[in-house]
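So that you can see what the record holds, here are the features copied from Swiss-Prot:
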type    : residues                                                                       : note
BINDING : MET717, ASN718, SER719, GLY720, GLY721, LEU722, LEU723, THR724, MET725, LYS738 : ATP binding site
COILED  : 298-358                                                                        : coiled coil
DOMAIN  : 78-137                                                                         : domain 'Tudor'
DOMAIN  : 711-1018                                                                       : domain 'Protein kinase'
REGION  : 988-1018                                                                       : region 'Disordered'
Amino acid sequence: MWGQRLFAGTAVAQSVSFPGLVQMDEDTHYNKVEDVVGSHVEDAVTFWAQNVSKNKDIMKIGCSLSEVCPLANSVFGNLDPKKIYGGLFSEDKCWYRCKVLKTISDDKCLVRYIDYGNTEILNRSDIVEIPPELQFSSIAKKYRLWGLQIPSGQEVTQFDQGRTFLGSLIFEKEIKMRIKATYQDGTVIAQAEYGTVDIGEEVAKKGFAEKCRLTSGIDACEAKKPDPNQLALRSLKNPIPLWGRRSNQSTFSRPKGHFNGRLTLDVKYETSAGNHVTFPKESLAAGDFNLGSNVSLAKIKQDQKLIEENEKLKTEKEVLLENYKALELKVEQTAQELQQEKTATMDLTKHLESTLKTCVGTRLKNLAAKVELLKEIRHINISIRFGNDLSDAMQVLDEGSFTTLASLNELEKIWAEYNVAQEKIQTCLNENEGNILIAERNEVQQKLFVAVDVFILEVDDLPLDKRLKTLQDLATSLESVYGKAKEGTNNSEETLRKFYDWQCTKREEFASIRSETEASLQHLVAWFQSSQKVFDLSLDEPLTSEDLIGNIDEILEKTESCVCKELELSLIEQGVIDKEIILSTYSQVLQKIHSEEKFIATLLSKYKDSVEFKKQMIDCLNKNPNVDYLLSIKKTLKGLKAQLRWKLVEKSNLEESDDHDGTEIEKIKQEITQLRNSVFQEIYHEREEYEKLNSLTQKWFPELPLLYPEIGLLKYMNSGGLLTMSLERDLLDTEPMKELSSKRPLVCSEVNGQPVLLKGYSVDVDTEGRVIQRAASYHRACGYAKEESGLLPLIFLFLCKSDPVAYLMVPYYPKANLSAVQASMPLTSEEALKVMKGVARGLHTLHSANIIHGSLHQNNVFALNREQGIVGDYDFTKSESQRASVNAMVGGLSLLSPELKTGKPPSASSDLYAYGCLFLWLSVQNQEFETNEDGIPKVDQFHLDDNVKSLLCSLIYFRSSMTAEQVLNAECFLLPKGKSVPIPEKEIECTQHSREDESKMESLDRYSEKTRNGEANP
């Protein structure tokens, strides 16, 4: 690309208008002559040229673009091919006017620089909008040589050669164009002349073009004209010669002149307003030709050769100039470095001169400071560096270790035989075989008793407590020094051998260095003592100073070296290998300590068991436990139940007689009440005796169920102490609970002043055992946690003798389930938190025992005193899956988790989902729920406490990672520090009185229609 480039510092500092350029004269007349300068060549017959009269206009355009384009916005969207834009030319980074010929991709376009004719592919970021005053016709015109066309089938190489040849004839030269015609796209057909040379004829002579046939004329040439876009792309792929790619452009602002008919080169530089304006050195001054002179093709070639030589010389000059500047910079840097070295050398010389004056004093002071430090270090115990404490610890372990005990081995052997004998008795079902096993067990028992006695006596003589205290102190001391031990260390003997070898080597090295230090210091002291004679003027005997003084420098050097070596060994941190050896040994020592501690703990535990065994066996040896007391209780119960039945019949007869006495009936009622209390008192005594026998059976006498099948001990044990054979329904004063009996028989009664419910379960031979087993599992889980279980306790389980019904007795809390509480007086947010924390505790108790509730809903969750939440029991005749298959609803919200709806088995996660829905129902009161397509409620629609909302989201949306224990520890359930829940005494009294009233007056109250379909205690 040639022509005027942008001037970074042009004098034009204001906007420029272009009168006369807005509408260019496109009217051409036949044989009209124009003087133009070639700017770009497309092929052997087509080129672009600028009118020589537009020189100043090109300069103005460049100045304006240099001011406008850097601040303009890059184009976006679809580009208008008719619109003029500003384009950043890649070779000189200057702005020129251009039009978009083709969009190559989303971020690249093919453009033509309209004032020069050349093309380029630009990024969109290099194309900008320009103002309307720059939107006028192009300076350059497209010309086509008259009467010529590109031969059909021309090869690429010949095409490029023709393009290059035409460029050598017209590029940056002033030529005359005789206009013959104009195409519709604006291409001017003209005859080109350079002096006396007909450029078209020269091109045709070279064979790069052929003359059009006379019959076709302009139309034939038009038909041969290639697609301009294809020419543009081909021009990009085959760039024009060197003159088409120069970074400097020829300008027409330079004056023209003649020097004896020869061409002149414009090499002058101009400045304007203090800024550097560059004019080309190599461009030929257009218009310097005498059009009447004889110019030959040889002259043109000579000019071209001069241009190429000039370009080459210019390049060499620039390289030499750059080398010169680089060498000049290097010389300056070397001079600076030399000056810095001189300064540093002078400073060092001054420092040495000043230090030499005090060299001896400074050296002795430093040595004295090091010796003083060495004294302190020698007083400090540095045994840790050589593992002396580990050696001492291993000596302690070896001297008084307890690693084995002969009596313990014998005891464990006999105890194992004893346990096997007990297991055989426990699994025996035949009484005769059982007697044989009992006799064998008793023999082993005698041997065990003797072994226990020997073991106890031997352990009593051992100082176990003292040894354990020594080991604990030793471990604490080592851990304070070495920290955490390595895990997984093996091959203790190899580790200890390496440690002893390393320790010996280090001790020898340290002893050698220490002796060298002491010897060098003694040598220095001896020198000071001997040198006193040399400097003592009172001595008359002649002394040779050279012999007495000796080489003090060598003595000082030796002393300093030895002292520094010992300091380095004492102070510098140990190496990786040393640390590895010490830590491995420490780990082995600690393992031995813990191993012996574990052995002593085993001894003490076995000693405790042996003492207990000996104590109990002294009372039980060769003597079976007595069940007579249990049988007497059963006999007493039998009599009391007979009296109670008789009194019930007597009361019934009196009530049915016509002349019954009310006083006598009341007296009988009191007697019945006393008899019932006596019956339950004896039942509780019976349970206590069963519990004692159960404990003896578990520990010492597994034969009790086999020897005394009549007492039913095995059934009691299998039920976890819940089953009783002494209780019958007709002994209780019951009232039917019809409103709660939609699913099973349900009656209310009172035991020892406490209202209870009797739940009836229809059972047969197959289901009876499963009901007992499920109830026993629930009862055991409740018993493990005791008062903190969060579960509704089970009081008794008994079987009806006349009907296939199993009755379960549980406490009765009238109107305490969540359904009734929310219907009468809804819980506040604080009360709901207390209640749901208790419910979470109940679920945690069940889940810890691997029990899935599967039937959690508002009718079997209770709010006692509106602050204690407990989880009710469930239907023990049903499995987990059967219980979970019932779709309970609360407030229009299903408590069935999404996984249960898809047929998956119930799990702790499904219990937590029901819990979360109940918690949400309590938190939002009567607000309506929005659910997604799976029926899961949307929690975000409600305004809740942040901690409560976080817990609900975890329960409802992310249950797979939640447990009941995590729910218990949720932020919303944690009380602020120093704050407790008050329980006033008056409130307790009121609660007790209300319970008494409810047990008598409200047991037959009807629930509302909302609770009629559920159960208070399912």
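Cβ atoms are placed via backbone N, Cα and C, with glycine included.
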Within the domain 'Tudor' (78-137), residues counted as helix, strand or coil by DSSP: 6 helix, 29 strand, 25 coil
Cβ neighbours within the same chain of SER719 (ATP binding site) - under 8 Å, at least six residues apart: ILE772, ALA775, ALA776, HIS779, LEU797
The one of LEU723, MET725 whose CB sees the fewest other CB atoms within 10 Å, among these binding-site residues: MET725
Three-state secondary structure, which DSSP defines for LEU723 (ATP binding site): strand
Local Cβ density at MET717 (ATP binding site) - other Cβ atoms counted within 10 Å: 18
Across the domain 'Protein kinase' (711-1018), average pLDDT on the 0 to 100 scale: 84
Same-chain residues at least 6 apart in sequence whose Cβ lies under 8 Å from GLY721 (ATP binding site): ARG687, TYR690, GLU691, ASN694, HIS779, GLY783
MET717 (ATP binding site): secondary structure state under DSSP, collapsed to three categories: helix
Greatest inter-residue Cα distance in Å for the ATP-binding set MET717, ASN718, SER719, GLY720, GLY721, LEU722, LEU723, THR724, MET725, LYS738: 34
